[in-house]
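Contents: one structure, followed by commentary.
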Ligand code: C5P
C-alpha cells in the first residue's frame, strides 16, 4: 500500500494458449484442460479507504459497462466483505476505480480479472488472511475463470477452471491480441460444441519441440463453434497468420484472437499493419508473463 493508502492492482488479460474440452458435468458445465498465461497489460483497479462504498469506471471501454450491483467488482467486494465479517475481521468502506482497457465479453477474462484483482486488493487493504478453501469457493461463485485470474501467472487449469497447477517453465511470448469488438456469448458457444470429449493437452517435452512448435500442435475447441457464430473471428485469425505469427488462435470463448511471434520486430510490424488495416478493431501488442515471474 502507498503512503496515501491507495492499493493498485493489475487485472491482466488472460490468454488461453490452448483450451481442450474434455467432458461435461451433470450440471452442464464443461470440463477443460487449458494452458493459460497472462499478458503484461489489462485493466487496473485502484482501491482506497473511504467514508462510503463507491465504484467508478473510467478508460477506453468504460461506456460499455455499468457500475451497478451486478458488476463483478461489486459482487467480489460484497462477497469478500461478507466472508471477512464472518471470519471476525472489520472492514472499512472502499472507493474503487476500475480503468477498463480490455474489451468486454471477449474471451480474455476481463470481468474475471477485475473480480480477482478486487479480491487481491481488498485482502491487502483490509489485511485479511482468508483460508484458501474459502477464497477458492468465493472465486468460483463469481465465475469459472476467477480462480485462474486470482493466480494471474502461467498455469494449467482443469475441472471447470478451478483445478489449477502453476506452470513455472512457461517462457514469455511476444503476443498480439485482436478483437473485432463484437461480443460473443460464452454459454452460446459452449452449446454449439459438437464434440465434448476431446483429448487433453499433452505435456511439453523440451527434447521434442520448442514452445511455439508445441503450442502450434494444440487447439482451442471453442474456436470452431465461435467462428460459425461470428465470421469476423476467421478474419482475425487470417490477418494474424498473414502478419507473420507462428501460432494464431482464439482465446477462451472469443472473440479475441492472439498471434505469437518469434521476435519483437515482427510483432511490432504486425501491430502497425493491423492497426492501419482495421482501425475499428481492438489491437494490442505486448508480452506474456514468464512462468517463474515473481
Ligand atoms: O462461470 P462463468 O460465468 O464464467 O461461465 C459462463 C457460462 O459459460 C456458464 O454459465 C456455462 O454456460 C459456460 N461454461 C461452461 N463450462 C465452463 C465454463 C463456463 O459450460 N467450464
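Each residue, glycine too, has its Cβ placed from N, Cα and C.
Taken residue by residue with DSSP, residue 14 (active site) is part of a strand. All protein chains shown were included, and the count of other CB atoms within 10 Å of the CB of residue 14 (active site) stands at 27. Taken from TrEMBL, the feature active site applies to 14 (among others).
Averaged over the domain 'GHMP kinase N-terminal' (79-151), the predicted model has a pLDDT of 97. Residues or ranges marked as domain 'GHMP kinase N-terminal' by TrEMBL: 79-151.
What TrEMBL records for 103, 104, 105, 106, 107, 108, 109, 110, 111, 112, 113 is ATP binding site. In the three-state DSSP reading, residue 109 (ATP binding site) counts as coil. Long-range Cβ proximity for residue 109 (ATP binding site), meaning a same-chain Cβ under 8 A and a gap of 6 or more residues, is found for 13, 14, 145, 148, 149, 252.
The active site annotation in TrEMBL covers 145 (among others). Neighbours of residue 145 (active site), defined as other CB atoms within 10 A of its CB across all chains, total 29.
What TrEMBL records for 220-275 is domain 'GHMP kinase C-terminal'.
There are 25 other CB atoms within 10 A of the CB of residue 111 (ATP binding site), with all protein chains counted. Same-chain neighbours of the ATP site beyond 103, 104, 105, 106, 107, 108, 109, 110, 111, 112, 113, judged by a C-beta within 8 angstroms of the site's C-beta center, are, in sequence order, 13, 14, 102, 252, 256. When the domain 'GHMP kinase N-terminal' (79-151) is classified with DSSP, helix, strand and coil residues number 41 helix, 6 strand, 26 coil.
Neighbour density for residue 107 (ATP binding site): within 10 A of its CB lie 32 other CB atoms from the protein chains shown. The helix, strand and coil residue counts that DSSP assigns across the domain 'GHMP kinase C-terminal' (220-275) are 30 helix, 10 strand, 16 coil.
Cβ crowding, taken as the number of other Cβ atoms within 10 Å, peaks at 113 among the binding-site residues 103, 105, 113.
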